[in-house]
Amino acid sequence: MPEILLTSPLLGLAITIVAYRIGEYISERFNLTLLPPLLTSCVLIILAISYTGLFTYEQYQIGGDIINFLLGPATVALALPLVHNWAILKKHYAILLGGVFVGTCSGIISVIFLAKLFGASDQIALSLVPKSVTTAIAMGISENIGGIPALTAACVICTGIFGAMFGHKILALIGVKNDIAIGLALGASSHGLGTSSCIPYGTLQVAIGSLAIALVGIATAIMAPILITILN
């Protein structure tokens, strides 16, 4: 591969876009709703780096850093549907704030308890604490509380993929049909990926989910150090 391409951000950008488009094609062509393009593209990129020998992870990451930077604007863009449902958001603010607070606290406590139950070290347990927060915020929280940001990022992606794949199915199975409840549950538990899965179901779910992403990020940043201190 030409040296100029190996040192260019175009390499990482092009590989990421192509891998994601292949993932989209596979999902749509074979109607594999349980196989999100993000998961497929991650596998393809890992295989390309590990087995082709054409480029290294460091060379790929030159372009990957640009995509990481875009996580922030992408998260902000999810807030656009809030404008169209502002009246509903104001009407149900107590439910939203209460749900976010309870969900954040229970999520932090449960993940620490389960991590320790299965023998995980303190650092790994702390890395799992911000798993339900969008990546751009979660990595900062993880670093501040003594976790491993890279491990946190992987957990965030896995959490989001699980929510996007099974969130609506699980909520339907237990009889949850209210759009506000669905949007809040998916936004609070599986951040942007879960919220993006709400798009086919209408703007209200997306709006509530987008608001939940921001609120959970703030709540986790505030509550995580407090709860960790109490639990220790």
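The backbone N, Cα and C atoms fix where each Cβ goes, and this holds for glycine too.
Summarising the annotation, TrEMBL assigns transmembrane segment to 35-54 (among others).
Sequence annotations record features per position, and here TrEMBL assigns transmembrane segment to 66-87 (among others).
Residues annotated as transmembrane segment in TrEMBL: 93-115 (among others).
Residues or ranges marked as transmembrane segment in TrEMBL: 148-168 (among others).
If you look up TrEMBL, you'll see 180-202 (among others) marked as transmembrane segment. Tertiary neighbourhood of the transmembrane segment (180-202): same-chain residues 36, 38, 74-75, 78, 88, 92, 95-96, 99-100, 103-104, 107, 132-135, 156-157, 159-164, 167-168, 171, 208-213, 215-216, selected by CB-CB distance under 8 Å and a gap of 6+ residues from either end.
Positions annotated as transmembrane segment by TrEMBL: 208-231 (among others).
Of the candidate ranges 93-115, 148-168, 208-231, 148-168 has the most C-beta pairs within less than 8 angstroms of the transmembrane segment (35-54).
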